[in-house]
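According to TrEMBL, the protein has these features:
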type	residues	note
BINDING	T8, N9, N10, V11, H12, K13, S70, F149, G150, Y151, D152, K172, H177, R178	substrate binding site
BINDING	D69	Mg(2+) binding site
ACT_SITE	D69	active site, proton acceptor
Amino acid sequence: MIKILLATNNVHKIQELKEMLPDGISVETLKDIHFNKNIPENGVTFHENAYAKANFLFERGFNNVLADDSGLEVDALGGLPGVFSARFAGPECDSVKNMLKLIQLMENVTNRTAKFKTVLCYIHHGQTYYFEGEVEGKIVQHPRGVRGFGYDPVFVPEGFQKTFAEMTPEEKNRISHRRKAIEKFIDFISNKTL
């Protein structure tokens with residue numbers, strides 16, 4: 001059994017990651033270890049943010065740390081919100097305000113293509129590994145669905161008619177950017193002697 005520490009307090013990410021990881025991988029959260037310090041997230045790329053989170057915990061004596069940095073990149077907005085996805089509407093915002101800002105910016109835009117990206121950073125005994133996943137799609141004009149989180153109500157993945165928020169968790173987790181990244185991580189763990 002491999003035990004990993006998830007470097008996030010985001011309950012939605014924790015839930016999705018736990019649902020995607022196989023039985024042979026045990027997960028600890030920051031709450032489980034009573035770690036309540038703020039983890040810096042000031043990079044300009046998903047890689048930098050994922051590394052900053054994982055390394056912050058590694059430098060404090062933790063091993064087998066897995067960090068996730070994810071976001072939505074909208075082509076017509078030059079890749080925004082990108083690494084600012086969680087705070088797109090400002091530092092004291094929430095996902096509804098972020099989504100409303102996105103809808104407002106996209107109001108008269110015809111190119112609605114976008115992609116969700118995930119970068120996982122895994123630090124094991126000082127070695128750093130990255131795993132990426134992305135899913136392309138488009139931004140709809142109005143939120144649809146009640147499931148998921150973040151921008152899920154306005155994102156329809158390519159080849160589908162439903163937004164992520166209209167899908168069941170199982171449907172979303174089969175095709176999501178996070179699923180694609182976690183599958184690469186699982187393949188790595190399965191083939192590596194740790």
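Every residue, even glycine, has its Cβ placed from backbone N, Cα and C.
The shown structure was predicted, so the numbers you read here are calculated from the model rather than taken from an experiment.
In three-state terms derived from DSSP, G150 (substrate binding site) belongs to neither a helical nor a strand segment and is classed as coil.
Non-local contacts of D152 (substrate binding site) by the CB criterion (under 8 A, 6+ apart in sequence, same chain) comprise G145, T163, F164, A165, K172. Counted over every protein chain shown, other Cβ atoms within 10 Å are most numerous around S70 among the binding-site residues N10, S70. Checking Cα-Cα distances from D69 (Mg(2+) binding site) against the binding-site residues (T8, N10, G150, H177) with a 10 Å cut-off leaves T8, in sequence order.
Residues T8, N9, N10, V11, H12, K13, S70, F149, G150, Y151, D152, K172, H177, R178, recorded as contacting substrate, have a largest CA-CA distance of 21 Å. The Cβ neighbour count for G150 (substrate binding site), using a 10 Å radius over every protein chain in view, is 23. Under the DSSP three-state reduction, S70 (substrate binding site) is assigned to strand.
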